[in-house]
Amino acid sequence: MATTMFNRTAVNSMAVAVGSTLRNATRATTKAAPAQACRTVITRDGVLQNRTALMAASRFGAQQRFISSSSSSAPVGDGTTQIPNFGDYMKTSSDDTSRAFAYMMVGTTGVLTMAAAKATVHDFLSNMSASADVLALAKVEVDLAAIPEGKNIVVKWRGKPVFIRHRTVGEIDEANAVSLTDLRDPQPDSARVQQPEWLVMLGICTHLGCVPIGEAGDYGGWFCPCHGSHYDISGRIRKGPAPLNLEVPQYAIDGDKLTIG
Ligand code: FES
C-alpha cells in the first residue's frame with residue numbers, strides 16, 4: 001500500500017514537473033514547429049501520450065508551416081520538421097537556352113508588331129487614294145480625226161473645259177509671226193504646241209477664271225467677256241486684264257488619238 005502510494009505520489013510529482021516543462025517547451029516551440037514541439041506526456045494514469053502534439057495540432061488545426069531551403073528535405077531545429085522539395089519547380093535549362101528563348105520571343109513580337117503597323121498604314125493609304133471612277137476621269141481620250149481643220153471643240157477634263165483647235169496653215173504662220181516683245185507673257189508658239197496644227201489648252205481665263213469665247217476678240221483667237229481679255233490664235237494674252245497666257249495641260253498625241261492628262 002505504502003509502495004503504491006509512493007509510486008502514485010512520485011508519478012504525480014513527475015507529471016506536474018513534466019507538464020510544466022512541456023507547457024514552457026510548447027510555448028517556445030509552437031511558433032517554429034507547433035505540431036512537433038514535444039511528443040510525450042505522462043497522464044494521471046501514468047500513460048505516456050503525445051499530448052503536446054495533439055494540443056498543438058488542435059490549436060493550429062491543419063495549418064502546416066514549412067521553412068524554405070535550397071536543400072531538399074533538410075531537418076530543421078530538433079530534426080522533425082520536413083522541408084518540402086521544390087526541385088520540380090526549379091529551372092533546369094541553362095542560362096544560354098533561356099536567353100535564346102527570350103531573344104526569340106522579343107524578335108517575334110517585334111516582327112508581328114511591324115507587320116501589323118505596315119498593314120494598318122497600307123489600309124489607310126489605300127482608303128485615301130483616288131477611287132477607280134476618279135482615276136478613270138484623270139485621263140481623257142479624243143479622236144482628232146473627227147475635228148475638221150479650222151474648228152474648235154471643247155472637252156471636259158477633271159471638271160475643267162479644254163479647248164482643242166485644229167489650226168490652219170495660215171493660223172500657224174500668224175502665231176509664229178508675232179514678236180515676243182509684243183507679248184505680256186512672252187512665249188513662242190512652238191513652246192505651246194507639240195504639233196503645230198493642234199492647239200490644246202485649258203479654257204479658263206487667267207484673270208478670274210471665266211471661260212473665254214472661241215474665234216472671237218481682236219486677235220482672232222479667244223475673247224473673255226467678263227473683263228475684256230483678248231487671246232491670240234496661240235492662246236497668248238494680247239489685251240485686257242488677264243496676266244498670263246491660257247494654260248497648256250499635259251497631253252500626248254499618238255496618231256489621231258489625243259490623250260489629256
Ligand atoms: S475673267 Fe476673263 S477677263 Fe476677267
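Positions of Cβ are set from backbone N, Cα and C atoms, glycine also.
All annotation found in TrEMBL is predicted automatically rather than curated by experts.
These features come from TrEMBL:
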- 166-260: domain 'Rieske' (DOMAIN)
So how many of the residues in the domain 'Rieske' (166-260) end up helix, strand or coil by DSSP? 14 helix, 29 strand, 52 coil
The average per-residue pLDDT within the domain 'Rieske' (166-260) comes out at 95
